[in-house]
Amino acid sequence: MSRSFVVLGGTGDLTGRLLLPSLARLHETGVLGDESGLLAVARDEWDRRAYREWARGRLAAHAGELPEATRDRLVGRLDFAARDVTDPDDLRAALSRVDGEPVVYLALPHTLFRPTLTALAEVGLPEGARVVVEKPFGTDRADARVLNELLHRLLPEEAVFRVDHFLAKQTVLDVLGLRFANRVFEPVWNAAHVERVDIVADETLGLEGRAGYYDRAGALRDMVQNHLLQLLAVVAMEPPLTVDASSLPARKADVLRAVRPPADVRAASVRGRYTAGTVAGRAVPAYTDEDGVDPARQTETYAELTVTVDNWRWAGVPFRLRSGKALGAARQEIVVRFRPVPHLPFLDAEPEPDVLRLSLSPDAIALEVDLNGTGDPFDLEREVLAARMAPHDLPAYALLLRELLDGDTTPSISDVEAEESWRIVEPVLAAWAAGEVPLREYPAGSGGPAGHPPPPAPARPETSA
Ligand SMILES: NC(=O)C1=CN([C@@H]2O[C@H](COP(=O)(O)OP(=O)(O)OC[C@H]3O[C@@H](n4cnc5c(N)ncnc54)[C@H](OP(=O)(O)O)[C@@H]3O)[C@@H](O)[C@H]2O)C=CC1
Ligand SMILES: O=C1O[C@H](COP(=O)(O)O)[C@@H](O)[C@H](O)[C@H]1O
């Protein structure tokens, strides 16, 4: 049976910047066979020719490394339907354009998942269909529950793919290898040896024309509720029996169940929004001056949250999650800080405890340790044992699309995880909405809201081990 790929939200930023380039790669490698139909759906009054022109431009901008002939082969296969996907008749008409088992990808603003799945449940899907839902999975926990019910009415859980592309990033996959394929880390991977964990996703990008989605999401829903909590889950989970769809999501779900939201949201969270500034020499307007932003929504572009994982392994260890837009420096990393040694046999020395940095961009791992220096043999000096990984053959989105086209849900978020993640952030969203935590302003290009510096930068430029 042939497969078709249907993107609902086929003119959006995600489709143009990440999905089309990934599809072009997969088409080239044969994962996406020539028999597969490719259909994009959005409300724009375009025809197939106009859509192909748009797609050609997106591919030139975001997949320039692929030969033009490769990009053109994908473009030549694209079909477009100008339809409202929340309308069952429109959706039925759009789906009737493809044959075979459809993979229906909801590349839509999160507020549209419910009306779209409701329409899809009315239209129905053929045997063998799959549904892919982007993040954040709904608007809150109640909405996520409804989404899960709608999905389960349509399909078995094995045919549902809740996307979190951070799970397909190389360093995140490397955390599994590092922890579970080596003897040295796991014995110290617990509260007895780890003092704190920082999970950071600082971006230099601003809104990038995405107000339609972002202004109703904000940094907490856009990054913390999903990507950063998934990183926390991968770092903190118990060893899975096997790295597969039955074990990995279940072990992550255990961690998320154990995460305790902060009792004092005011003390444990920071909420910020950028004002006008300069990022890497580029003038950035204030968030509130961006097209489509409604300042009355008080949407945050910076979110920070500290939680604990209340289980045997992690009791008492703070996990600080932080993400912001239009910051001065881009940084994506997981930083594991170890406790000091129980007794230091070096008189007068006050070394920093060990730090393990797992960098997602670029993909690199660095262990900062204290060694006897090159000068006085009994003095301590900070050294960095570092490894930088060559890029994966496939970028994260292409890897995810390959897995979902194969029907492997190992890197998917389970229904339980999706709902638990909302449970964790909901008290924070409620406190923020009630104005209990001030919305602090920070200039674009700065380090974030004043008084909340990022975790210390690496000890010194990395050298390859
Ligand atoms: N952009 C990114 O970097 C990333 C985005 N994501 C996720 O992807 C999803 C989409 O984000 P993004 O692409 O940025 O959002 P955009 O606002 O850029 O795109 C939304 C798309 O949905 C379409 N759409 C909206 N309403 C309807 C409707 N009723 N019927 C049919 N089509 C509709 C829009 O077209 P039109 O309005 O013309 O109908 C457009 O094609 C979000 O869930 C986001 O979290 C995930 C990772 C990265
Ligand atoms: O999901 C999202 O992720 C991107 C950051 O992902 P990256 O792979 O480019 O690091 C973020 O910019 C966007 O706001 C968010 O929707």
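Cβ from N, Cα, C; glycine included.
Annotated features in TrEMBL:
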{"type": "DOMAIN", "residues": "6-172", "note": "domain 'Glucose-6-phosphate dehydrogenase NAD-binding'"}
{"type": "BINDING", "residues": "R43, D84, V85, K135", "note": "NADP(+) binding site"}
{"type": "BINDING", "residues": "H165, K169, E203, D222, K325", "note": "substrate binding site"}
{"type": "DOMAIN", "residues": "178-450", "note": "domain 'Glucose-6-phosphate dehydrogenase C-terminal'"}
{"type": "ACT_SITE", "residues": "H227", "note": "active site, proton acceptor"}
{"type": "REGION", "residues": "440-465", "note": "region 'Disordered'"}
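Ligand 1 lies within reach of R43, D84, K135 from the binding-site residues R43, D84, K135, K169, E203, K325, judged by a C-beta closer than 6 angstroms to any of its atoms. The C-beta environment of K135 (NADP(+) binding site), restricted to residues of the same chain at least 6 apart in sequence and closer than 8 Å, consists of H110, R162, V163, D164, Q225, N226, H227, I413.
Within the set of binding-site residues D84, K169, D222, K325, D222 have a CB atom less than 6 Å from some atom of ligand 2. Under 8 Å, Cβ to Cβ, and six or more positions away along its own chain, V85 (NADP(+) binding site) finds L8, G9, V41, L91, A94, L108, L112, T116, A119. When Cβ neighbours within 10 Å are tallied across all protein chains shown, the highest count among the binding-site residues D84, D222 belongs to D222. In the predicted model, the domain 'Glucose-6-phosphate dehydrogenase C-terminal' (178-450) shows an average pLDDT of 95. In this structure the C-alpha atoms belonging to D222 (substrate binding site) and R43 (NADP(+) binding site) are separated by 24 Å. For the substrate site, whose binding residues are given in the record as H165, K169, E203, D222, K325, the maximum C-alpha distance rounds to 20 Å. Neighbour counts were taken as the number of other C-beta atoms within 10 angstroms of each residue's C-beta; across the binding-site residues R43, H165, K169, K325, the minimum falls on R43. Within 10 Å of the Cβ of E203 (substrate binding site) there are 21 other Cβ atoms, across all protein chains.
Between the C-alpha atoms of K325 (substrate binding site) and D84 (NADP(+) binding site), the distance comes to 31 Å. When Cβ atoms from all protein chains are considered, those within 10 Å of H227 (active site, proton acceptor) total 24, not counting its own. Comparing the Cα of R43 (NADP(+) binding site) with the Cα of every entry in H165, K169, E203, these being the binding-site residues, the smallest distance points to H165.
For the pair K169 (substrate binding site) and D84 (NADP(+) binding site), the C-alpha distance works out to 33 angstrom.
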